[in-house]
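Annotated active site, phosphoserine intermediate per Swiss-Prot: 66, in sequence order. As annotated by Swiss-Prot, Mn(2+) 2 binding site applies to 16, 66, 441, 442, with the evidence given as sequence analysis. Residues or ranges marked as substrate binding site by Swiss-Prot: 127, 156, 157, 186, 192, 257, 258, 259, 260, 333. What Swiss-Prot records for 400, 404, 460 is Mn(2+) 1 binding site.
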C-alpha cells in the first residue's frame with residue numbers, strides 16, 4: 001500500500017488508566033457520561049487488550065503501569081521488564097556478583113563511607129520492590145560497608161495506608177547493623193513534575209538530617225496517619241540519630257523505573273544543578289542506580305541493570321519509511337509518549353515532532369480533574385487540521401492521575417473531560433480522512449474502591465482495556481495485547497512490519 005493511498009493521519013489516543021469492568025459500582029469509566037466513547041464503541045469495531053502480567057513482560061499477576069505499557073506499545077513486542085529480571089538475579093545469587101555493585105562496594109570500602117540506600121519500599125512492583133532493597137542491603141552490609149536506608153513510602157501503587165504492614169515486614173528482614181535514616185512519602189521524594197519545593201524537603205532530610213524527627217519509621221508513619229496523611233504524603237522525617245550525608249559516602253538508588261527517581265538524584269548528584277538553590281554538594285565516592293535513569297545522570301553513576309537495547313521500534317520504523325509523526329501529552333505523561341515509547345531512549349527520530357502541555361500546578365489532581373486536557377485537545381485538533389502528520393500518538397493523563405487520588409467523583413469528571421476531548425479529536429479525524437485507534441495502557445479508575453478493605457482504591461488494576469478502531473473502512477479487530485498496537489498502526493499506514501516486532505496486528509485482514 002503506497003503512502004498516498006493510506007488514511008492520514010493514523011492516530012492513537014491513549015486514555016491512561018481507563019480500564020474495563022462490567023460492574024458499575026465505584027467504576028468511574030461506567031458512571032461517567034461519555035457519549036463520544038459510547039458512540040464509537042457502539043458503531044466501530046472494538047476488542048480488548050491485556051495490559052498486565054506476562055502479556056507485558058511482568059510476572060504473572062503483576063499489574064501493568066504506564067512505563068511498561070508504553071514500552072510494549074512502542075516496541076511492538078512483549079518487553080521483558082526489570083522487575084522479573086532483578087528478582088531472578090536476587091534469587092539465583094548473581095546480584096551479589098554484579099560488577100557494578102562490586103565496584104560500588106569497593107569504592108566505599110576504600111573511602112570508609114556509608115552506603116545511602118534509597119528507594120520505594122513497597123511490594124507494588126511498579127517503581128521498585130522491597131525484596132530487591134532487602135537483597136541489596138544484605139549484600140552491601142555483609143561486605144562490611146555501613147548502610148543507611150532512606151525509605152520512600154508508597155500508598156499509590158498500594159492501598160493508601162498499607163505501609164505499616166509491609167514496611168514493618170521490610171524492617172524485620174534487614175540486618176541488625178543497618179540504620180533506618182529517613183522516611184519520606186513518595187509525594188516528596190518521587191515527584192516528577194518539577195515541583196522542586198516538594199523534592200527540597202526530601203533532600204533536606206536525606207542529605208542534611210533537617211526536618212521533623214521521629215524515633216523510628218513506624219512511629220513516623222503512625223504520626224502521619226494521626227494527622228490524616230497516608231503513606232504517599234508522609235512529610236520527610238529524620239529517624240533516630242541519623243546525622244546526614246558526608247563526603248566519601250555513596251548512593252545506591254533502588255528504583256528500577258526512571259521517571260520518579262530522577263529529580264531527587266539530580267539535586268543530590270549533579271554538580272551543576274540550578275533548578276533551585278539546593279545548598280551544599282556532597283562529594284560522593286560512588287553513585288549507583290538499579291537502571292539507567294537519564295542521559296544527564298549517566299556520567300555520574302553506574303548501573304546495575306542496563307537496559308536491553310530495542311531495535312525497530314514504532315517511531316523508528318515510521319521514520320525510516322519517510323513518514324512524519326507527532327507525540328503529544330501533558331507533563332505527567334510526556335516521558336511516556338517520548339522516552340518510554342521510544343524504548344527507554346532519549347532519541348527523537350527524523351520527522352518526529354513533540355508537543356508538551358504543562359500539567360496544572362495543584363497539590364493533587366482531584367482538585368482539578370480536567371488537568372490540561374482541554375489545552376491538549378486544542379493542539380491535537382490543530383495538528384490534525386494541519387495535515388503535517390502521518391501518525392499521531394496522544395496520551396490523556398486524566399483517568400490515571402485522578403484515579404490515583406481515590407476520589408470517585410473527581411475520576412468521573414476526569415473521564416468526562418477526556419471524552420469531550422475525544423469528541424473533538426474524532427470530528428477532526430473524520431474531516432481529515434484519518435483513522436482513530438482509542439485504547440488505554442492499563443486499568444485504574446474503573447475500580448475506585450478496594451474490594452478487600454472497602455477503602456479508596458488508588459492503584460492500577462489487572463483488568464483488560466478497551467480498544468476501538470474508528471473510520472477504517474472494511475476493517476475489524478480482534479482481542480490482543482499492547483504489543484499488538486504498533487503492528488496494527490503500521491498495517492493501517494501501509495508500512496511493513498519488521499521481523500523484530502513479534503506483536504500481531506489486531507486487524508482481521510492482516
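Just so you know, glycine gets a Cβ as well, placed from its N, Cα and C.
Sequence features, as recorded in Swiss-Prot, placed on the structure.
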| residue | record | contacts (Cβ under 8 Å, 6+ apart) |
| --- | --- | --- |
| 16 | Mn(2+) 2 binding site | 66, 333, 336, 395, 396, 397, 398, 399, 400, 401, 440, 441, 442, 444 |
| 157 | substrate binding site | 63, 65, 122, 124, 125, 126, 127, 459, 460 |
| 192 | substrate binding site | 259, 260, 262, 263, 332, 335 |
| 258 | substrate binding site | 67, 291, 292, 293, 294, 339, 344 |
| 404 | Mn(2+) 1 binding site | 17, 156, 365, 444, 458, 459 |
*When the number of other CB atoms within 10 A of each residue's CB is tallied over all shown chains, which of the binding-site residues 400, 441 has the maximum?*
441
*Within 8 Å of the centroid of the Cβ atoms of 16, 66, 441, 442, which other residues of that chain place their own Cβ, given that this set defines the recorded Mn(2+) 2 site?*
14, 17, 51, 64, 65, 69, 70, 333, 336, 395, 400, 440, 444, 460
_If you count CB neighbours within 10 Å, which one among the binding-site residues 127, 260, 442, 460 has the smallest count?_
260
*Counting every protein chain present, what is the number of Cβ atoms, excluding its own, within 10 Å of the Cβ of residue 66 (active site, phosphoserine intermediate)?*
28
*So around the Mn(2+) 1 site, 400, 404, 460 aside, which residues have their CB within 8 A of the centroid of those CB atoms?*
16, 17, 65, 66, 156, 399, 401, 403, 442, 444, 445, 458, 459
_Please report the three-state DSSP label of the residue listed as 'active site, phosphoserine intermediate'._
helix
*asked:* When DSSP is mapped onto helix/strand/coil, what comes out for residue 258 (substrate binding site)?
replied: coil
